[in-house]
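Read the structure below first, then the notes.
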Amino acid sequence: MAETKEKSLSNEKPKPRVRPIVRLGIFLISHSFHVSVVCCTAGVLALFLLPVLAKNTYISENALMPGSASPMLSNQHVSDGNRLVKDLTNPNSKSSETGIESHKIIAQYMLDLGAEVSFHKFHPQMNQFHPLHFFSSPDSGKIQENYSCSSYGINTVGIIRAPRGDGKEAIVLVTPYNALKSGFGEALSLGIAYSVFSLLTQVTWLAKDIIWLVADSQYGEYAAVAAWLREYQTPKFSSLSTPNAEMCPVVNNLFELKGHSISGSKFSNSFRRAGTMAAALVLKVRDQNEQFEDTISIYAEASNGQMPNLDLINVVNYLAVHRQGLRVNVEKLWSLLNSSWLKSLGEIFESLAKVAKSLYPKWKFGIPATEYVEGTATLASSLYYQALGVPTGPHGAFRDYQVDAITLEISPKFSLDKVWRNDILLRGGRLIEGVIRSVNNLLEKFHQSFFLYLLTSPSKFVSVGVYMIAFALLIAPLPMVAASLYVDANSSSNCSKGDSSTPSAITDTDEHSIAIRSWRWLNSAKLVFIVHLWGAIVSLLPYFISQIPDCSPTTSFMIWVLLSILSLLTLNSVLASPLACAKATQEKEWALVKSVTISSVFIGLGLMSVINFATAEIGALLMVPMCLLAQPLKLDVRAGTLRSFCRMICNLVLGHIAFPPAAFFLLKGMLDGFGSANVGDFWMWVESLWAWNSATYLFIGMVQLPCWVLCISILFHTC
C-alpha cells in the first residue's frame, strides 16, 4: 500500500506556479474601478502640473554658437534697405494693376548686388476636399482650370552663392509681399531682408547658399511659398513655366524686359535652385504698434502638429533677448489669463512648493501663481494649434519637406517714422544676420534638440518624456476595464442548465454552450465594426456635399447631418445590429459592447498619439471618462442610490460634451463668446481641417464620433 501511495504521489504533476506579472494583471483587472479612478485623476493632475515641470530651454548643438561673433550689419546696409522701402512705397510702383513694377524694382535691387535672380510664376490652387489627399504627398493641390493672366502669382527669387560652400546646402529667407495692396509693414520686412542680403553678398564666412524668396501673397502667403517649394523639390516640365505670349502678354513682358535691359546679368528665365535647405525663416513686420516694447512673435506650428527643431527657436530667443533687446512672444489663449480658478490652482501649487522647500531646501519645485497662469495659457495654445493640424504661417510649407522653419513677426513699439524705422531695420537685420550665421555654422541638419515638445514660454518647454506621462495615465485604465468587462459578462451569463451541485458532470452540450459563450464577443465586435464603417462613410460625405453649387455652410451642415443619420439607419437595417438581436436574450450584452468599444478607443488613441499627440491628448480628455462611465441608464434608475444618480448625471453631461459639434461650440463659446456661435461655423471649421489635410479630421470622423454613438447606444440599452 505504501509503495502504491508513493507511486501515485510521484505520478501527480505539480501545479504550475502563477507568475508575478500574471498575478499583477489579475489584481488590476479585479480592481479596475479603483485603478481607473486613480489613473484618470493622476492623468488630469499631471496635465495641470506640466507648467510647473517645464524646463528652461538650452541650445543642444554647440556648433550654433549664437552671439559669438559681433554683428556686421552697419548703417550703410540700413540705408540700402531704406532706399528699397522708399521705392516700394512710392505711388509710381503701384501704378500697374498687376503689380509688375514692384517685382521689377525688387529684382533690380537683387541684381545690383550680384545675386542670381529669377521669377517663379504659379497658379493659385483650390483647397478642395478629396479623401485621397490625406494619404498623398504635399504636391496634392488642384490647379484652377479656368485661369487667366490676372490669376498668376509671381515670386521673385534671389540666390547668393556661398564663397566657401559647395552648393549643396542653402538657407532660405522668405518675405511675403502683396504688390497690389501692400502695407508699410510688408515693405519694411523687405527692407530688413534686403539689408541682410546686401551684407551677405560681401562676407567671406558664408558656407551655405542664401535664397531670398519674395513670396507673392495676393493669393495667400502659404500658397505662394508652397508653390515655390513644389517646383523646387519636385520640378514639373509643363507649359506653365513658359506661358504663351499671346495669352499673357503683360506677364511675359516682365521676362522680356529684364532679359534685354540687363546684358550679361545673372537674370534667368528658368527656375533657379540651390542646395538642400538647412533652415528657413519667414520674416514679417506688423503695421500695428505694441504698447510697451518692441516685440517679436514666433510661430512654429506646422501641419498635423509638426514642430521645428527646438534649437532654432532657442537661437532666435537668445539673440532677440540678449543681443537686440526685443521681447519674444509666443501665442497664448488670452481667455485663460483672467481665469480665477486657474489663478487659485496656481496659488495652491505655489503654497505646496513653499511647504516642500521648507522640508527639503534643495528641492526646487513650484513657480509663482502669475507665471503658472501665463504658462498654462501658452501651453493650452500650443496644444490647441498642434491639435488643429493647420499651419500657423507659411513656414508650415517647409515642414512638409522636413525643413526646419519658423515665422518671425516684428511688432514695433512706436509708429514707423524715419528714426524708429532705422532702429527696426538695424535690430531686425542684426537678428536675422545672427540666426543665419548660427545656421551657417552647422555641419549637418538639426538633430540634437527636441522635435516633440510643448512651449510654456519662449524660454521654457515640456519635453515628450514628460507630457506623455499625462496621456499614458489617462489611457492606462482602458485595457484593464475592457478585460474586466469581458470576464464579468461571461461569468454572469454562465447559467447552469443541470444540477449545480454536480459541476463535474459536464456533458458535451454544456461544453458546446460554453464554447459558444466564449465567442459571443464577436457579435459586439461586429457592431463596433459597423459603427466605425459608418464613421468612415460620414468622413467621406463632405466630398460629395462640397460639389453642390451655391450651398451655404449652414445648409451643407444640415445636409451632412441628414445623410449621416440616413446612412446609419441603412447600415443598421442591412447588416442587422447584433445589439438589437441580443437585447431580449442576454442582459450583459452591453458590457461586451462596452469592452470592445473601449478596446477600439484605446487603439485609436494610441495610433493618433504617434501622428499628432495634441489631438490624442484632447481626445483622451473627452473620450476616456465617457467610455469608462458608460452604463445603461435603466440600471442606474433601478439602483436608486446616490452613486448611481451621480453616474447618470455624469453620463448625460459627458454625452453632450463629447459630441464633436457640441465640443466645438463649447470651445468656441469659451474663446469668443457664446453669442457668436453659429451652426455653419462647425462646417467651416471642418472645411478648414480637410483643406489642410489635417489628421484631426479623420480622428473626429473615424474614432471620436463612432465612440460617441456606441456610448450613447449603451446608455439607452434596454436591459
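Yeah, the Cβs are placed from backbone N, Cα and C, and that goes for glycine too.
Keep in mind that TrEMBL annotations are predicted by a computer and have not been checked by a curator.
Residues annotated as transmembrane segment in TrEMBL: 21-50 (among others).
Here TrEMBL flags 464-487 (among others) as transmembrane segment. Tertiary proximity for the transmembrane segment (464-487) is limited to same-chain residues at least six positions away from its ends with a CB under 8 Å from its CB atoms, namely 28-30, 32, 35-36, 39-40, 42-44, 46-47, 50, 53, 450, 452-454, 521, 591-592, 594-596, 598-599, 601-602, 605-606, 609, 613, 616-617, 620-621, 624, 627-628.
The transmembrane segment annotation in TrEMBL covers 527-545 (among others).
Note on the transmembrane segment (557-579): residues 523-524, 526-527, 530, 533-534, 537-538, 541-542, 545, 548, 551, 589-590, 593, 679-680, 682-683, 709, 713, 717 of its chain, located 6 or more positions outside it, place their CB under 8 angstroms from a CB of the stretch. What TrEMBL records for 557-579 (among others) is transmembrane segment.
Long-range neighbours of the transmembrane segment (591-612) within the same chain, counting only residues 6 or more positions beyond its ends whose Cβ lies under 8 Å from a Cβ of the stretch, are 304-305, 386-387, 389, 468, 471, 475, 478-479, 481-483, 485-486, 488-489, 520-521, 523-525, 527-528, 532, 579, 619-620, 623-624, 627-628, 630-631, 695-696, 699, 702-703, 706-707, 710-711, 713-714, 717. What TrEMBL lists as transmembrane segment is 591-612 (among others).
Below 8 angstroms of C-beta separation, residues 36, 40, 43-44, 47, 383, 387, 471, 474-475, 477-478, 481, 590, 594, 597-598, 601, 605, 608, 644-645, 647-648, 650-651, 654-655, 657-658, 663, 699, 703-704, 707-708, 711, 714-719 of the same chain, each at least six residues beyond the ends of the transmembrane segment (618-637), sit close to that stretch. Per TrEMBL, transmembrane segment is recorded for 618-637 (among others).
The transmembrane segment annotation in TrEMBL covers 649-671 (among others).
Annotation comment: TrEMBL describes 691-716 (among others) as transmembrane segment. Sequence-distant contacts of the transmembrane segment (691-716) (same chain, at least 6 residues past either end, Cβ-Cβ under 8 Å): 127-129, 133-134, 140, 303-304, 387-391, 527-528, 531-532, 534-536, 538-539, 568, 579, 590, 593-594, 597, 600-601, 604-605, 608, 611-612, 615-616, 619, 622-623, 626-627, 630-633, 651, 655, 658-660.
Sequence-remote contacts of a segment are chain residues at least 6 beyond its ends whose Cβ falls under 8 Å from one of its Cβ atoms, and for the transmembrane segment (21-50) they are 345, 349, 376, 379, 454, 456, 462, 466-467, 469-474, 476-477, 480-481, 483-484, 487, 617, 620-621, 624-625, 628.
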